[in-house]
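Have a look at the structure below, then the notes.
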Amino acid sequence: MMNRSEMQKLGFEHVRYYTESPYNRGESSANVATTSNYYGEDEPYVEITLDIHDDSVSVYGLKSPNHRGAGSNYEDQSLLRQGRSGRSNSVLKRLASSVSTGITRVASSVSSSSARKPPRPQLAKLRRSKSRAELALKGLKFITKTDGVTGWPEVEKRFYVMTMTTNGLLHRSRFGECIGMKSTEFALALFDALARRENVSGDSININELKEFWKQITDQDFDSRLRTFFAMVDKDSDGRLNEAEVREIITLSASANELDNIRRQADEYAALIMEELDPYHYGYIMIENLEILLLQAPMQDVRDGEGKKLSKMLSQNLMVPQSRNLGARFCRGMKYFLFDNWKRVWVMALWIGAMAGLFTWKFMEYRKRSAYEVMGVCVCIAKGAAETLKLNMAMILLPVCRNTITWLRTKTKLSAIVPFDDSLNFHKVIAIGISVGVGIHATSHLACDFPRLIAADEDQYEPMEKYFGPQTKRYLDFVQSVEGVTGIGMVVLMTIAFTLATTWFRRNKLNLPGPLKKITGFNAFWYSHHLFVIVYSLLVVHGFYVYLIIEPWYKKTTWMYLMVPVVLYLCERLIRAFRSSVEAVSVLKVAVLPGNVLSLHLSRPSNFRYKSGQYMYLNCSAVSTLEWHPFSITSAPGDDYLSVHIRVLGDWTKQLRSLFSEVCKPRPPDEHRLNRADSKHWDYIPDFPRILIDGPYGAPAQDYKKFEVVLLVGLGIGATPMISIVSDIINNLKGVEEGSNRRQSPIHNMVTPPVSPSRKSETFRTKRAYFYWVTREQGSFDWFKNVMDEVTETDRKNVIELHNYCTSVYEEGDARSALITMLQSLNHAKHGVDVVSGTRVMSHFARPNWRSVFKRIAVNHPKTRVGVFYCGAAGLVKELRHLSLDFSHKTSTKFIFHKENF
């Protein structure tokens, strides 16, 4: 301790010692203050904070509590950092040397004090180092990128517009709107906090006060922002938070992050924080203690797996310098394109080549006929386009023969060279080819051939008389012929079907008036596509009465093109009708889940064999007898039931949910009906709507077993096929573990049955699976809660790495989500449950940094083929595909991207 004369030289009378040890630093709980109080409390003193760790002690802080001015505060953070590194100023050096003799006494005092008090409960897995805390301090933000960062000129402009009728005063209720903040509740609390800090009274502010408020909001200094945040709940400014204020801060954060479950459980979580920071039941906690808990690093339930050096090397490899030679850049780009798309390239080349060959053949054939002398090149073009139309009208049916494609991709090796994943896209490309062909064919006839026939003289027309009959001068006679009527009819019907099949109409993206809106959507697309029954009938008739051909019907080629595809497609439809009606399925369980999702558990027919990632069609005759809708199967192949999760969006799904919701409603007490739609607990068999299924059908995600490492990405309801894959991996892990246990048993060692070749081919290959599920609603995590918990219980070898992202929560590092992050770590450490998802899997906030995700996988798995499987909205497809190609080109890891048609 300093003697009195030494203290007087510095201008102070007493010294108060505060110690920091591993017990009270960020590695455990709140600070513990040990006071050496040799004189009266009213006399001046100096506070010295000592950092005691094992046998080492260092000065951590120095200040005069009785002198709060800027000149008397020695606890500047930069000064302390210098002091700890040997670069302190003279005052700190003198104090450090003077107190060195009292360090041992203080340390022993702290140890004895700690021994007398009951130890605070230690939370396993809650750890932070000072470096991580400093990073958190620098990165913590108060306002997100979308709230309040529009810039002062915009805020000022809005202020003047909003205060035109209020004499230049902005009311408290419109403060959030003025600064561009969406959360009204958060904006009101922010206004009150800033008003207290700036000593502003009343519920209105002028432009100068708003500018001061704006400076506080946009201040990049962490301390200022954190003080503002705590001022929002510490309304009496005493530096203490009681349980009610802690509850308010939790409610405030939950409201800003749209987390209704946390808001409803605010009392429980407030009690949890008080239990941690107020073990002696003083009834309050200090704000600085809550700051320590806020800075706890979120627990990581996964291993990073890469070092800084590897990460740096990879970053350097990804920065490929651009060649100045345009030829070299073009060649490299073409090389990458062919390498990534060679399956699509050869299929498209074959298709385009076939069309070009047919067009050229017919063009040259009619170039030599007498019709060329009358109608010229127009008839050659019309007949060439007609031949391509025959091919395309036949081929467009093949990509939608789902049973055939499923059999080919599952039972044959053709998937190695044929891009079955692009079957629907190829269907659309052929439709475009048909549109172009129809345009050329119809225009050539209507705008060129018919006018030339009318204008031809008798000698020119004579060779055409055997095809068209006596010459007519009326244009309408050609249009009203069988060929003309059937052709125009096909064009009209195809135009309707093609238009309603476009994304704008099929997904109701156009803002149409009420009456017109009813003729758009999936139902309009579904029913309009059935017009092709009429189209193909007209096509056969049109081909029978085709112009310029008078041979018998069996020598005409239209029916030859169509016969095989049409018969194949009709067989597909018959198989669907037969398969769905032979063995009916019963509903085992129904649940209406948060986020407008209907979960159905159905009995599994004995002959229904499928793979994870595949889908099936559902039909509910109570809604519509004709409509069949595809849904991914969420159960695993090893389960004894079938499950689907249906997002309620369109008319059909809304009616389906309404029907099942009626079944789930509780009956009056006298009817003795249990309030749950689970057949295992029913007192009687409920009257569920009849469900028919058809499938399974192949999908891109079913190929996950071809890869040892897979990256599964699901957006919202797009997680459904990925959940089936995760469940399948769990079942396989259980099977491998059970097999290992059997081999280790003495009985198994006595008799070991041989493994068949088929069993060897089905060996489980997946060694690592990364699952990223991104959803906006917190309630979405309830959909697959059981699966998430099962992963944490079963996956002892860490094969599956789960990442749940809730985008409604502000990004990590924002003050409004800092409370959620702290609460998340605290609750998970104590109860093993994540407060956001309600599962044992820790959730992340905002959206993933996909480049970092790919970078991490590339570092962890060099020279490996990684299967990337995505299902969700189309907005993310481009980014994931680009990253897959980019990392495949620039690293030794090859990412193979698969997109589910969603």
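Glycine is treated like the rest: Cβ placed from N, Cα and C.
The topological domain 'Cytoplasmic' feature in Swiss-Prot is assigned to 1-344 (among others).
What Swiss-Prot records for 163-173 is region 'EF-hand-like 1'. Remote same-chain partners of the region 'EF-hand-like 1' (163-173), defined as residues 6 or more beyond its termini with a Cβ less than 8 Å from a stretch Cβ, comprise 188, 191-192, 203-207, 210.
Under 8 Å from some Cβ of the region 'EF-hand-like 2' (198-209) lie the Cβ atoms of residues 156, 159-160, 166, 168-173, 175, 216, all in the same chain and six or more residues away from its ends. Feature annotation from Swiss-Prot assigns region 'EF-hand-like 2' to 198-209; the stated evidence is similarity to another entry.
Marked as transmembrane segment by Swiss-Prot: 345-365 (among others).
Within the chain carrying the topological domain 'Extracellular' (366-380), a Cβ under 8 angstroms from the stretch's Cβ atoms is held by residues 444-445, 448-449, 452-453, 456, 460-461, 463-464, 467, 548, all 6 or more beyond its ends. The annotation topological domain 'Extracellular' is assigned in Swiss-Prot to 366-380 (among others).
The transmembrane segment annotation in Swiss-Prot covers 381-401 (among others) and is backed by similarity to another entry. Sequence-distant contacts of the transmembrane segment (381-401), counting only residues of its own chain at least 6 positions beyond either end whose CB sits under 8 Å from a CB of the stretch, comprise 351, 354-355, 358-363, 365-366, 423-424, 426-427, 430-431, 433-434, 437-438, 440-441, 444-445, 448-449, 536, 539, 543, 546, 548, 557-558, 561-562, 564-566, 568-569, 572.
The topological domain 'Cytoplasmic' annotation in Swiss-Prot covers 402-428 (among others) and is backed by sequence analysis. The list of residues near the topological domain 'Cytoplasmic' (402-428) in space but at least 6 beyond its ends in sequence, with Cβ under 8 angstroms from a Cβ of it, reads 343-344, 346-347, 396, 568, 572, 575, 611, 614, 696-698, 700, 702-703, 898-899, 901.
Residues annotated as transmembrane segment in Swiss-Prot, with similarity to another entry given as evidence: 429-449 (among others). Long-range Cβ contacts of the transmembrane segment (429-449) within its own chain (Cβ-Cβ under 8 Å, at least 6 residues beyond either end) map to 348, 351, 355, 375-376, 378-379, 381-382, 385-386, 388-389, 392-393, 395-396, 399, 479, 487, 490-491, 494, 498, 501, 547.
As annotated by Swiss-Prot, topological domain 'Extracellular' applies to 450-484 (among others), with the evidence given as sequence analysis. The helix, strand and coil residue counts that DSSP assigns across the topological domain 'Extracellular' (450-484) are 25 helix, 0 strand, 10 coil.
Marked as transmembrane segment by Swiss-Prot on the basis of sequence analysis: 485-505 (among others).
Summarising the annotation, Swiss-Prot assigns topological domain 'Cytoplasmic' to 506-529 (among others) and lists sequence analysis as the type of evidence. Remote same-chain partners of the topological domain 'Cytoplasmic' (506-529), defined as residues 6 or more beyond its termini with a Cβ less than 8 Å from a stretch Cβ, comprise 496-497, 500, 626-627, 629, 650-652.
Sequence-distant contacts of the transmembrane segment (530-550) (same chain, six or more residues past either end, CB-CB distance under 8 Å): 366, 369, 371, 379, 383, 386, 390, 393, 445, 466-468, 481-483, 486-487, 489-490, 493-494, 496-497, 556-559, 562, 566. Look at Swiss-Prot and you will find 530-550 (among others) tagged as transmembrane segment.
What Swiss-Prot records for 551-709 (among others) is topological domain 'Extracellular'.
Within the chain carrying the transmembrane segment (710-730), a Cβ under 8 angstroms from the stretch's Cβ atoms is held by residues 597, 612-615, 631-639, 644-645, 647, 699, 701, 704, 766, 768-776, 780, 783-784, 787, 790-791, 794-795, 799-800, 802, 853-854, 857, 866-873, 876, 880, 895, 900, 902, all 6 or more beyond its ends. Positions annotated as transmembrane segment by Swiss-Prot, on the basis of sequence analysis: 710-730 (among others).
The average pLDDT computed over the topological domain 'Cytoplasmic' (731-902) stands at 73. Per Swiss-Prot, the feature topological domain 'Cytoplasmic' maps to 731-902 (among others).
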Sequence-remote contacts (6 or more beyond its ends) of the transmembrane segment (345-365), Cβ cut-off under 8 Å?
338, 380-381, 383-388, 391-392, 395, 417-419, 426, 429-430, 433
Run through the region 'EF-hand-like 2' (198-209) and tell me, per DSSP, how many residues are helix, strand and coil.
3 helix, 2 strand, 7 coil
